[in-house]
Amino acid sequence: ARDGYPVDEKGCKLSCLINDKWCNSACHSRGGKYGYCYTGGLACYCEAVPDNVKVWTYETNTC
């Protein structure tokens, strides 16, 4: 497992400012342990998502 920003079908981060509950649900649906809105990144951040779940990386950024 690893931590990271989950991505949508376009490979973009999930935008998130203050809705931690929504982000936590999005992380759980991907098999993650916990999720919260990371203000610095303006995106949903997940902890302990399975390795097969795509997370955002600078190298593969298409947004």
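Any Cβ shown, glycine's included, is placed from N, Cα and C.
What you see is a predicted model, and the numbers here were worked out from it, not measured in a lab.
Feature annotation from Swiss-Prot assigns domain 'LCN-type CS-alpha/beta' to 2-63; the stated evidence is sequence analysis.
In sequence order, W56, T62, C63 constitute the residues six or more apart from C12 (disulfide bond) in its chain with CB-CB distances below 8 Å. Here Swiss-Prot flags C12-C63 (among others) as disulfide bond, drawing on sequence analysis.
Every protein chain shown contributes to the tally, and the Cβ of C16 (disulfide bond) ends up with 21 other Cβ atoms within 10 Å. Marked as disulfide bond by Swiss-Prot: C16-C37 (among others).
Other C-beta atoms found within 10 angstroms of the C-beta of C44 (disulfide bond) number 26, with every protein chain shown included. The disulfide bond annotation in Swiss-Prot covers C23-C44 (among others).
Annotation comment: Swiss-Prot describes C27-C46 (among others) as disulfide bond. In the three-state DSSP reading, C46 (disulfide bond) counts as strand.
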Which of the listed disulfide-bonded residues (C37, C46) has the least company, meaning the fewest other Cβ atoms within 10 Å of its Cβ? C37
Measure from the CA atom of C44 (disulfide bond) to the CA atom of C37 (disulfide bond) and give the result in Å, rounded to a whole number. 5
Whole-Å Cα distance, C16 (disulfide bond) to C44 (disulfide bond), is 5
Students should find that the Cα atoms of C27 (disulfide bond) and C44 (disulfide bond) sit apart, in Å rounded to an integer, by 8
Across the domain 'LCN-type CS-alpha/beta' (2-63), what does the mean pLDDT come to, as a whole number? 94
